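J.: Sharing a structure with you now.
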Amino acid sequence: MAARGHVLALLVLLALAGEAAAGGGRHPHSHRHRHGRKSARLRLIPSAPGASLADRARDDRHRHAYIRSTLASRRRAAEVGASAFAMPLSSGAYTGTGQYFVRFRVGTPAQPFVLVADTGSDLTWVKCRGAAGSPPDAQPPAREFRPAASKSWAPIACSSDTCTSYVPFSLANCSTPASPCAYDYRYKDGSAARGVVGTDSATIALSGSGNGVGADGSRRAKLQGVVLGCTASYDGQSFQSSDGVLSLGNSNISFASRAAARFGGRFSYCLVDHLAPRNATSYLTFGPGPEDGPASAPAAPEQTPLLLDRRMSPFYAVTVDTVYVAGEALDIPADVWDVDKSGGAILDSGTSLTILATPAYKAVVSALSEQLAGLPRVTMDPFEYCYNWTAGAPEIPELEVHFAGSARLQPPAKSYVIDAAPGVKCIGVQEGAWPGVSVIGNILQQEHLWEFDLRDRWLRFKHTRCAQ
């Protein structure tokens, strides 16, 4: 087909040259439109005037096969773009941590890992050995990513825009432009991860059926170009129990942003009870979540604007209007919830206990403790208000958080008056600095389905059991 096109083009040029010569150099068939613009009329000459109908039919069949193949591949791509994929999600309580773990497969062939699901992280990383820049005496973890064993691993250069502009805590040392992009990622809890960055493919399980069906009835697919940190050394308790971090933050290089951009512009998760056993799982979903299915609950989810503010990046911020305890609105200064006044509130799956800026903290614990004043107090770090629950089981006052747009979060009592030890319950919030941001932790989020609509900038949520 390409050869036939070249012949046609050549004949057209020869025809133009001949006509130009015959016309004394004038443009072939040139004429003026009413508005004075010149145009040229080109004569199409058959490339093979003597071709039989059989020859033309053969050529047409070849072209039709090409058209069919092209459209089929585009339909498959559109199918993938409109589908969803899910990753099993479970509480890390069995390891003694307050994190939630997700199962993640990366590399070619795929290597399985258990990562912390973290909406406050913009870099996905796994423990590994053998990457450029790794210390030769580094102790290998129980599960390790082996870049040399992955056909799809590609290191990112330290001179690249990705490294210099988007990789958090990237190091300035860049001996040559092709040297690997190195990082020293520091978390607010004092933990850290150090290594080099590259890209690789993640294996995902698409919903539906078709080619590449896995044992669980889902289609397997590759999500290409995932920015991945290869961590050679790390510090932090939660990293002792996991293989790394899955970045769900608001960032150009986070897994959440890359995956959501291809799957409907949104992702969702449902956190089981933080004390649930290891086999109690729910899902982290990209694309349409379970609430979109025909078996969904009749109640519509609550909805509030999602603030994708650069000043809060990589965290997801929301606007709190009012907090209620036992039906009474608490007197909390509006500045506490205002990003422009050095306040604001974020949701963070990587923080266990909810942290409230001092004015909000004092108002909430004062109102709750007043309702629980009849119980004997117990001292237990890190909480200020703990009670001996064996002395009686009073009714716990209701806590409500009202967000912008009239959305209401009504967490179960166990999410804010939590079990701290046998027979002991504590008011499960901590005091944060003011000025400063307040953090809605994963315990307050438990047993709710949370959907982050990054495309339309909405946060949706509703109460559900979560466990599959």
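Quick reminder: no glycine exception, Cβ is built from N, Cα and C everywhere.
Sharing the feature lines straight out of TrEMBL:
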type     : residues : note
ACT_SITE : Asp118   : active site
ACT_SITE : Asp348   : active site
DOMAIN   : 100-462  : domain 'Peptidase A1'
SIGNAL   : 1-22     : signal peptide
J.: Run through the Cβ atoms and count how many others sit within 10 Å of the one on Asp348 (active site).
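T.: The answer is 23 other Cβ atoms.
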J.: Relative to the Cβ of Asp118 (active site), which residues of the same chain, six or more apart in sequence, are found under 8 Å away?
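T.: When sequence neighbours closer than 6 are ignored, Asp118 (active site) has Gln99, Val245, Leu246, Ser247, Leu248, Gly249, Asp348, Ser349, Gly350 within Cβ distance under 8 Å.
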J.: Over the domain 'Peptidase A1' (100-462), work out the mean pLDDT and round it to an integer.
T.: 89
